[in-house]
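According to TrEMBL:
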- 18: site 'Transition state stabilizer' (SITE)
- 23: active site, proton acceptor (ACT_SITE)
- 74, 80, 87, 101, 102, 111: substrate binding site (BINDING)
- 100: active site, proton donor (ACT_SITE)
- 115-140: transmembrane segment (TRANSMEM)
Ligand code: DQA
């Protein structure tokens with residue numbers, strides 16, 4: 001079974017209490033359950049993690065590069081300014097899907113820039129927690145395509 005890392009940046013553990021008008025009422029535990037359930041359906045082993053720490057996130061990205069693991073990444077605020085994260089992601093050895101719960105393009109101007117988008121396989125934004133389901137589906141399709149050669 002293929003493994004996928006689902007990595008979440010700062011403040012995302014506070015889902016459910018954090019700006020529910022923007023990010024919805026579901027909690028981080030609900031997100032973990034949704035990703036695991038989607039993984040079971042798609043035959044993927046899904047490892048969901050969250051950190052508020054840029055160094056820890058970069059360590060996970062290095063692990064993914066070394067172990068050729070596909071990544072679903074919500075970089076949260078790191079999206080908009082972390083060149084260190086972008087440089088780590090540029091070393092990727094497997095598909096990378098950038099996800100956002102909200103649609104950053106429809107929000108404040110500073111959210112319109114993603115410094116990581118150019119090194120991702122693609123981006124899914126604006127579908128609430130469904131963004132993660134769509135990202136895992138994309139990874140499953142890409143892996144199936146790869147194994148067909
Ligand atoms: C976010 C959007 C970012 O602009 C914000 O900093 C987040 C969450 C999203 O999932 O919609 O923390 O990545």
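Just so it is clear, glycine is given a Cβ too, placed from its N, Cα and C backbone atoms.
Just so it is clear, the model here is predicted, and its values are computed rather than measured.
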Binding residues 74, 80, 87, 101, 102, 111 (substrate) - maximum C-alpha distance in whole Å: 24
Just counting, how many other CB atoms are there within 10 A of the CB of residue 102 (substrate binding site)? 17
Pairwise Cα distance for residue 18 (site 'Transition state stabilizer')/residue 74 (substrate binding site) [Å, integer]: 16
18, 80, 100, 111 as recorded positions, winner by CB count within 10 A: 100
DSSP state at residue 101 (substrate binding site), helix/strand/coil: coil
Which residues does residue 23 (active site, proton acceptor) neighbour through Cβ under 8 Å, counting only same-chain ones at least six apart? 15, 101, 102
Enumerate in sequence order the recorded positions 74, 87, 100, 101, 102, 111 whose Cβ-atom distance to ligand 1 is under 6 angstroms. 74, 100, 101, 102, 111
May I ask which of the binding-site residues 74, 80, 87, 111 is closest to residue 100 (active site, proton donor) if we compare their C-alpha atoms? 74
If we count other C-beta atoms within 10 Å, could you say which of the binding-site residues 74, 87, 101 has the fewest? 87
